[in-house]
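Everything below concerns the one structure shown next.
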Amino acid sequence: DWLTARAGVRSPDQLELTEAELKKEITRTLTAKNPHIPRDIVRYNFKERAYKIVDDMDHTAIHFTLNGYLVPKDSDEGRRQSIKSSSEAGRFTEDAPVEASAETTGEAEVKDGEPTGDAEGRGEVEAEGAETAEEAAAAEAEEPPPPKVPEKKLANQFNFIERGTATYHNALREKGYQTDPAPYQTFSANVNQWYIYDAYMEELERMEKAKEKEKAKPPAVKKEDKKTGRKLSYVEPQHGDSLSKVAKAAKIAERMVNLNTFDDIAQDFKYFEDASDEFRGQEGTLLPLWKFQYEKTKKLAVTAISWNPKYKDLFAVGYGSYDFMKQGNGMLLLYTLKNPSFPEYSFSSESGVMCLDFHSDHPYLLAVGFYDGNVAIYNLKKPASQPSYKSSAKSGKHTEPVWQVKWQKDDMDSNPNFFSVSSDGRIVSWTLVKNELVHMDVIKLSGDGTTIQGPEGLQLQTLGSGTSFDFHKKIDYLFLVGTEEGKIYKCSKNYSSQFLDVFDAHHMAVDSISWNPFHLKVFISCSSDWTVKIWDHTIKTPMFVYDLGTAVGDVAWSSYSSTVFAAVTIDGQAHVFDLNVNKLEPLCTQLVVTRKKNKTTHIQFNPSYPIIIVGDELGLITCLKLSPNLRKMPK
């Protein structure tokens with residue numbers, strides 16, 4: 001029967017499905033929520049005085065319960081049951097020999113009742129019983145009582161800690177030193193009267209020579225030069241042996257006093273962020289911080305600004321005059337943000353300083369261009385009042401003012417070199433070879449093809465007047481030159497007779513030109529024709545043109561974003577643009593100088609901190625902090 005196939009029993013109300021419906025997979029999702037729980041139970045909330053629906057219902061469904069009968073041994077019930085079970089076991093062991101003796105007696109009685117051998121049977125039984133009792137007594141006497149096993153206390157598994165510690169013994173060390181004996185030398189001499197006389201005579205001769213040198217020096221009186229009418233003064237150099245000992249301590253004390261004096265400005269520089277930018281939309285502001293001014297430069301204009309590439313708080317400022325009729329002395333000052341009251345270094349010059357630039361690899365070398373056409377190199381490591389190297393008429397100086405200088409990479413012999421541009425149309429490369437400045441003309445700017453009538457009918461070709469230039473950040477040989485005629489020339493170091501391209505950029509002189517530090521094709525230019533233009537050097541027309549309503553003095557790209565730049569105009573305002581936010585208008589236009597008839601001349605971004613410095617025609621340097629809307633990083 002068990003080999004026969006079993007027929008399935010179906011319920012009368014079971015559905016009959018086809019083979020395809022049977023093979024179809026039906027997904028059933030099991031959740032932890034109970035679908036039969038009521039969802040509309042409300043309870044009165046005394047705090048809110050209203051009926052609230054109860055959300056946190058218990059979804060637990062009990063499918064199986066089993067009551068256990070286990071009792072802990074340590075409980076009263078467990079002890080009671082253990083005592084009971086032990087007593088029942090003892091009673092069972094006592095009843096067993098009684099029953100055995102009863103059975104033996106019964107057997108003896110049966111044998112007694114038998115008709116034959118009743119006396120012998122009883123005697124045999126009694127004898128066997130006596131032998132068994134003796135053997136049991138002897139066994140009990142031989143076996144020693146079992147030793148008592150001490151109760152082992154079990155450790156609590158839930159609250160038990162076993163610890164073992166060992167102290168560490170430090171190893172002993174021995175040290176020994178052996179010093180060399182101090183060097184000694186044996187000296188002996190005989191002193192006579194003539195030895196003492198000769199020593200005194202040498203000392204008298206030395207003192208007389210020193211007096212003669214002091215008489216030979218000219219007195220510190222003012223003289224008047226007959227040719228120029230200038231008053232020249234000779235200042236006797238002072239030996240600062242006594243001052244040099246306390247110079248470092250005095251500088252530290254001075255900086256501490258300045259930090260205490262300008263503590264609120266230092267706190268703003270470090271921590272203050274303008275929270276009102278959230279309500280201005282895209283616009284931003286400039287927060288004035290320190291102002292740098294020196295007593296001797298109040299009548300000189302700021303003609304150049306440059307940040308030091310290594311020390312982010314140090315910057316150099318050149319002072320001169322843009323007025324052709326008011327030319328005089330110039331000054332070169334180096335300020336630090338740690339001491340706004342007095343410059344760290346100061347150098348005076350006979351001609352006005354027009355431009356300057358720090359060397360990127362040697363931050364102590366500073367190239368300077370002057371109004372009289374000379375260029376010079378100052379070495380900040382040497383405390384000299386005059387430049388370490390300076391050009392002259394013999395070494396090929398410019399015949400017009402030098403408007404810009406730029407350091408370049410060292411040549412093949414590792415000699416530092418820089419370039420200069422001047423109104424005489426020459427772009428000159430200066431190389432420092434064996435403590436001497438050697439010049440080489442790179443290119444001469446030709447005019448727009450016009451010629452002038454010279455003496456005896458000669459046709460003289462006019463030269464272009466360079467006002468600014470900048471080298472490409474990646475391509476070493478490529479550079480741009482701006483001229484007084486408003487044109488921009490794209491030049492190469494490899495071609496000295498022709499230009500790569502010419503841009504008809506502005507209607508007046510190009511005051512500043514600069515490559516974008518991030519985008520390799522883009523550069524910016526500004527001019528006195530009121531405009532700032534952004535160019536792609538592969539396209540002849542500008543991409544962006546901004547009319548600022550007055551002559552633009554300077555323009556500079558930011559160091560943190562490729563789309564942010566700032567410009568200053570001669571009406572004393574600073575304009576900050578961000579092309580990523582607004583391509584049409586500046587995000588900030590703010591008045592930087594307060595006095596009338598004062599013009600802002602130059603602007604520069606700090607390479608690390610969110611600040612800019614602005615110079616004006618009265619020798620004042622203003623430091624301003626950019627608000628968060630003006631220094632948004634691009635995506």
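A Cβ is built for glycine as well, from the same backbone N, Cα and C atoms used for every other residue.
Positions annotated as region 'Disordered' by TrEMBL: 70-152, 210-230. Sequence annotations record features per position, and here TrEMBL assigns compositional bias 'Basic and acidic residues' to 108-125, 210-227. Annotation comment: TrEMBL describes 503-536 as repeat 'WD'.
Under 8 Å from some Cβ of the repeat 'WD' (503-536) lie the Cβ atoms of residues 467-475, 480-490, 542-557, 559, 561-562, 565, 567, 579, all in the same chain and six or more residues away from its ends. Looking at the repeat 'WD' (503-536) alone, the prediction's average pLDDT is 88.
Counting residues per DSSP class in helix, strand and coil order gives 0 helix, 20 strand, 14 coil for the repeat 'WD' (503-536).
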